[in-house]
Structure formats: C-alpha cells, structure tokens
Amino acid sequence: MEFHNGGHVSGIGGFLVSLTSRMKPHTLAVTPALIFAITVATIGSFQFGYNTGVINAPETIIKEFINKTLTDKANAPPSEVLLTNLWSLSVAIFSVGGMIGSFSVGLFVNRFGRRNSMLIVNLLAATGGCLMGLCKIAESVEMLILGRLVIGLFCGLCTGFVPMYIGEISPTALRGAFGTLNQLGIVIGILVAQIFGLELILGSEELWPVLLGFTILPAILQSAALPCCPESPRFLLINRKKEENATRILQRLWGTQDVSQDIQEMKDESARMSQEKQVTVLELFRVSSYRQPIIISIVLQLSQQLSGINAVFYYSTGIFKDAGVQQPIYATISAGVVNTIFTLLSLFLVERAGRRTLHMIGLGGMAFCSTLMTVSLLLKNHYNGMSFVCIGAILVFVACFEIGPGPIPWFIVAELFSQGPRPAAMAVAGCSNWTSNFLVGLLFPSAAYYLGAYVFIIFTGFLITFLAFTFFKVPETRGRTFEDITRAFEGQAHGADRSGKDGVMGMNSIEPAKETTTNV
C-alpha cells in the first residue's frame, strides 16, 4: 500500500480528516461518535493526571493536618520522622495502588469488555474521592492514606483500559494520533491539579479536602456518558464472536459502510486465537513471538519514568526555588502549560514522523536538557543568568518528553500485540511503569540530597541508554494493522529461532506504509 498526501489541510480536525482519508481508497470521516467515545474514555486519563499532580501543592497544609490530628489523638505531637513518613506514605501509596491496579487490567477487560470495565471502576474513583474529601471532617489520617490507595487502584486500571479502548476503536491511520489523546488527558489533568492547587483557588487550609475529593465529579461525568459509547468492535468480534454488532459499530464510528477488510482482519485474528490457549503473563516471556514485543514494551515504559520527568514534576517547585525563582509555583504551572502544548504538537506529528523517530528525538533532547540542568544548577550562584538557563532547560525537557516518551509508550504497547496477549501485555507494561514511577518518587529525594545538582546526570545516563535501545530494537508501527505487526514479530521470531540470531534489525528496516495522493 503506497500513500501520498496531497492538498492543504489546516487545524486539528482537518489534520485528522486528512489522515483518515489516506486509510483506504474510499473516504472515511472522523465521526462525532468516534470523537465522543474517545473523549469520554480520556476522562480516565484526566483522572490519572489530576491525582498524580494534586498532592504536591497542599503539601505543607496536609502535613499540618496530619500533625494536628495525631497530636489531638495522642495528646503529644508526633516526631518529625513519623510526620515525614506519613506524608511520604500518603504520596507513595498512590503508586502502590497503581501497580496493583495496572496488573489487574486483564481480569476486567476479558470478562466485562473495555467499555464496561471503565464504567465499573468509577466506583473506585468515587470511593477514593469520598475518603480523601471527608478525611478532615472525620479527623482521620487513615482515610487520607486509604483514599490515595483506592484512587491509585483506579488510575492503575485506567492506564490499561484507556489506551486499549482507544487503540481498538481507532482507524489504523489515526491510531497514533488518537492514542496521543490519552497522554493529552493526563497532562491536562496535571495542569488542572496545579491550577486548582493554588491557595487562592482550592489549595487553602479550608478547601484542600475539596481539592482531593474533586475526582468524584469526572467519575460521575464519565459514568453518565459511557453507556452512550460503543463497546470495542474488536472485543465483540474476536472475544464474543458478535460479528454483526462489530460491523455495525465500525460503520458508525468510521463513517463508512465498507468495513469488510477490517472485519476480515479481525476474523483472521479470531481464527488464530481459537487455535491458541489463553495467553498468561508467563507466556509473554516464554513464547518467542511475544518475548521481544513485551521486552520492548517494558523498556519503553521505563524510558518514560526513568527519564526524570516525574522527578521534575514531583519536585519542580523546589527545583525552581533552588534556581532562584521568586514564585516557583507559577513556574511549575508554566511547565504544565508547555506539557499540554507539546502533547498537542505530538498529535500532529505522530502519524507523519512515526513513533520510533519521535521517541528518539524526545529522548535525545531530554538527555541534552538534563545535562544543561545540572550545569545551570551548579553555576547559578556564580552567574546570575543561570537561573533562567535552568528554567529554560526544564521547559524544553518537558517539551521533548511530550514529543515522544510521554505519549508513545502508552499506546504502542497495544499496537505490538494481537487481541489475545494484549490485556496481559498491557498489565505487565503498566505495572512496570507504575513500579518505576514509585521507585523514582521514593529514591529521588535521597539521591538529590546526596548528589545535589549532579542528580540529573543519572537520568542523562538512562536517557542515552534508552535512546540506543530504541534505535537498535524498536520497530516502526505507523500505518500498520495489528495483524501486520503480529505477523512481523512471528516471522522474526521464527527466523531468529532458525538462525540463532536476533532478528530485530529486520523489524527496524521495515518501512511504514507510504502515502498515496488523496484530496481533502
């Protein structure tokens, strides 16, 4: 299939229509039904971003709440060590919940489907929001910690559900662009949490429980809207054998009556699945055709978290303060705005430049910026302009993250696997993401204490390593169906078994589908 773009298109809508029109000879539309379904799904991504960023701004106030509550109960103030440990637990237990939730993705999606799973787990969001929102009234530190654990479980599940659902309902030529919307939801959630966390909005001593409990509202909104969204047609046909329903949903989502080629691809995959036993987590590592894609998936997730991005956002206020910024919270919000803008840019680029290229550009830019951050922090006391260099390096660091390492690892996992192993793969990849997230949050303060400005050199080393791995090991998936990608890995695994060599270079040499002339 050779495609080549012609005509001028402006705006996000025009860009998406341009991509869609290149899928097949007949014209497809970006339908309201497709946009609505993806938008509703990304509310789960928003929840993940919001609850990741919401705990940072009210840190001092929440510590005071913990101190006062424990003092009133014990008639004596807690030790500084206990206070610090309880605060750290309140932050870190969110990631523990995320690890458990992400590893449980397959238990839900195979039993209830993609859409219904998103609907059911909103009960966790409501429960976690209530626990956190009422902890001050109840004078209970335990409710705060338990609420963070429950909302972490919810967010961990969402990190598997949302990319999987979006990938399965999106046309092949739009899969990357729409997959990026998952990351856009996350960064908007982080930005909203930063803004709401300002003392003049919800970050005050009186309103911080409302700030934490706000997560109930998106859960209610998504629960009301999800029944209007279709189930994944791939799930209906491949897992439930409901071909007629799947065909009807594809026609409505993609705006065309001719979906026979896509239905046939799903039927072929379904036939192959019926000859295989159910894929477990262990099978992903035992079967040669799954082993390489799961390793790629894990490393790409690690490249996101070990890039240092969460260290920047978790401790951004302190970093800006160390850099000499008088109002560091506003500088942190500026980083959140940059985060959002460049995620939108990635939406435009991912189907043109490709996943692999953008990921390498992002990693390379971040490696340079993390080195520059180290230099500027070391020299800021000697040269006045170094504070501005540090801020600039952080903003460009964030921009590079959102070009590649931010959005791509989430949706590329769904692309690398067929319907059978996909839930298990999403669980493993998501758990590796949350685990590395937890370790960065746990270890970064100590590393920063002992290493000072040199701490970001550690991330530079990781970034260079991940850049090399992406160059040598990660294939390009742009413009390829799930079936194409699966067969390529299977053929590569068989070739590697026969030759005794790693066939990954063959995958890297596979060129994505080129464009053919179409008029929009």
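A Cβ is built for glycine as well, from the same backbone N, Cα and C atoms used for every other residue.
Residues or ranges marked as topological domain 'Cytoplasmic' in Swiss-Prot: 1-29 (among others).
Sequence annotations record features per position, and here Swiss-Prot assigns transmembrane segment to 30-50 (among others).
Tertiary proximity for the topological domain 'Extracellular' (51-88) is limited to same-chain residues at least six positions away from its ends with a CB under 8 Å from its CB atoms, namely 94, 136, 139-141, 144-145, 148, 151-152, 155, 186, 189-191, 193-194, 196-198, 203-205, 208, 211-212, 214-215, 313-314, 316-317, 329, 336, 442. Annotation comment: Swiss-Prot describes 51-88 (among others) as topological domain 'Extracellular'.
Sequence annotations record features per position, and here Swiss-Prot assigns N-linked glycosylation site to Asn67 based on sequence analysis. In the three-state DSSP classification, Asn67 (N-linked glycosylation site) falls within a helix.
Swiss-Prot lists 89-109 (among others) with the feature transmembrane segment, giving sequence analysis as the kind of evidence.
Annotation source Swiss-Prot lists topological domain 'Cytoplasmic' at 110-117 (among others). Beyond the topological domain 'Cytoplasmic' (110-117), the same-chain residues lying 6 or more positions past its ends with a Cβ under 8 Å from any Cβ of the stretch are 157, 161, 164-165, 168, 226, 229-232, 235-236, 239-240, 423.
Sequence annotations record features per position, and here Swiss-Prot assigns transmembrane segment to 118-138 (among others). Beyond its flanks by at least six residues, the transmembrane segment (118-138) meets 41, 44, 47, 65, 108, 112, 144, 146-154, 157-158, 161-162, 165, 208-210, 212-216, 218-220, 222-223, 226-227 of its own chain at Cβ-Cβ distances under 8 Å.
Taken from Swiss-Prot, the feature topological domain 'Extracellular' covers 139-148 (among others), and the record attributes it to sequence analysis. Within the chain, the topological domain 'Extracellular' (139-148) has long-range Cβ neighbours (under 8 A, six or more residues past its boundaries) at 55, 62, 65-66, 69-70, 72-73, 86, 89-91, 93-94, 97, 127-133, 212.
Annotation comment: Swiss-Prot describes 149-169 (among others) as transmembrane segment, evidence class sequence analysis.
Residues or ranges marked as topological domain 'Cytoplasmic' in Swiss-Prot (evidence: sequence analysis): 170-177 (among others). Here the topological domain 'Cytoplasmic' (170-177) is broken down by DSSP into helix, strand and coil counts: 6 helix, 0 strand, 2 coil.
Per Swiss-Prot, transmembrane segment is recorded for 178-198 (among others).
Residues or ranges marked as D-glucose binding site in Swiss-Prot: Gln183, Gln304, Gln305, Asn310, Asn339, Glu402, Trp410. Mapped onto three states, the DSSP output places Glu402 (D-glucose binding site) in helix. Counting only same-chain residues at least 6 apart in sequence, those with a Cβ under 8 Å from the Cβ of Glu402 (D-glucose binding site) are Gln183, Val187, Val338, Asn339, Phe342, Thr343, Leu345, Ser346, Gly362.
Note on the topological domain 'Extracellular' (199-207): residues 57-58, 61, 64, 214 of its chain, located 6 or more positions outside it, place their CB under 8 angstroms from a CB of the stretch. Marked as topological domain 'Extracellular' by Swiss-Prot on the basis of sequence analysis: 199-207 (among others).
The transmembrane segment annotation in Swiss-Prot covers 208-228 (among others).
Per Swiss-Prot, the feature transmembrane segment maps to 294-314 (among others); the stated evidence is sequence analysis.
The topological domain 'Extracellular' annotation in Swiss-Prot covers 315-328 (among others) and rests on sequence analysis.
Over all protein chains present, the Cβ of Asn310 (D-glucose binding site) has 20 other Cβ atoms lying within 10 Å.
For the topological domain 'Cytoplasmic' (414-423), the DSSP counts in helix, strand and coil order read 5 helix, 0 strand, 5 coil. A Cα-Cα distance of 32 Å separates Gln305 (D-glucose binding site) from Asn67 (N-linked glycosylation site). Among the record's D-glucose binders, Gln183, Gln304, Gln305, Asn310, Asn339, Glu402, Trp410, no two C-alpha atoms are more than 16 Å apart, and one pair sits at exactly that spread. Counting Cβ pairs under 8 Å that are 6 or more residues apart, the transmembrane segment (178-198) and the transmembrane segment (359-379) reach fewer than 3 and are not in contact. When each of 30-50, 208-228, 294-314, 329-349 is scored by its Cβ pairs under 8 Å to the transmembrane segment (424-444), the top-ranked stretch turns out to be 294-314.
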